[in-house]
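According to Swiss-Prot, the feature active site, proton donor maps to Lys62, an assignment based on sequence analysis. Here Swiss-Prot flags Asp11, Lys33, 60-69, Thr119, Arg181, Gln190, 210-211 as substrate binding site, drawing on sequence analysis.
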Amino acid sequence: MDITRPIIALDLPSAEAALDFVGRFDGENLFVKVGMELFYAAGPSVVTSLKEAGHDVFCDLKLHDIPNTVKGAASSLSRLGADLLTVHAAGGRSMMEASLEGLGDAAETTRVIAITQLTSTSPEALKTEQLVDVPLVESVRNYAKLAQAAGLAGVVCSAHEAADIASVTGPNFLRVTPGIRPAGSAVGDQSRVATPGNAASMGSSAIVVGRPITKADDPVAAYHAIRDDWNAGRKA
């Protein structure tokens, strides 16, 4: 699993749409994200189909339930061949540890990372809606340390928190960043965004990009441009 490739978020309405989309890349091995929209519309078989087509799959369902339920869900997803899974760090250490137990024999090939704070969460929303009276970066840092203590491979975080997380967890703890927008793109419903190159220079280990690729007039060209910007930032 090469997590240094930009991960394409397949926020599409059906398995057919997803497979047609990846088919436009002429056999190129992609890393794609299956989130709630596609998974709930197409069912588990979409993960299997994407794997059979030669792609790595990030199954981003943000598991958050009692430990035994999350353990069972992680087991099911790992058997589908998912390379990367997400759980909510807010579920607690026991729940995160249970997700790893659920991997069984797939623990060598499937990694679990934790959601810290969604990139749509603003500092104001953290305080007024979640009633968390600490700076957003401190909340993210706390969740990252908790996830590492539970044995997870990394976290999902914005580029703005990536360097801070690396400072408390070490460089090998993954920092997977959504909310990526090429220069000049619309921000949409994201609150904390960055360009691919900026995310690399700010310490992200991997990036997730959806609409700037899937909604582009030429998705293949858009993907390659984002990949080039990302790689240039990583080498800088």
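A Cβ is built for glycine as well, from the same backbone N, Cα and C atoms used for every other residue.
Over all protein chains present, the Cβ of Leu61 (substrate binding site) has 17 other Cβ atoms lying within 10 Å.
In the three-state DSSP assignment, the secondary structure recorded for the residue listed as 'active site, proton donor' is strand. Here the CA atom of the residue listed as 'active site, proton donor' lies 15 Å from the CA atom of Asp11 (substrate binding site). The binding-site residues in question are Pro67, Gly210, and the one with the fewest Cβ neighbours inside 10 Å is Pro67. With respect to their backbone Cα atoms, Thr119 (substrate binding site) and the residue listed as 'active site, proton donor' stand 13 Å from each other.
Gly210 (substrate binding site) sits 17 Å from Lys62 (active site, proton donor), taking the Cα positions as reference.
Packing around the residue listed as 'active site, proton donor' is summarised by its Cβ count: 16 other Cβ atoms lie within 10 angstroms of its Cβ, all protein chains included. The most densely surrounded of the binding-site residues Asp11, His64, Thr119, judged by C-beta neighbours within 10 angstroms, is Thr119.
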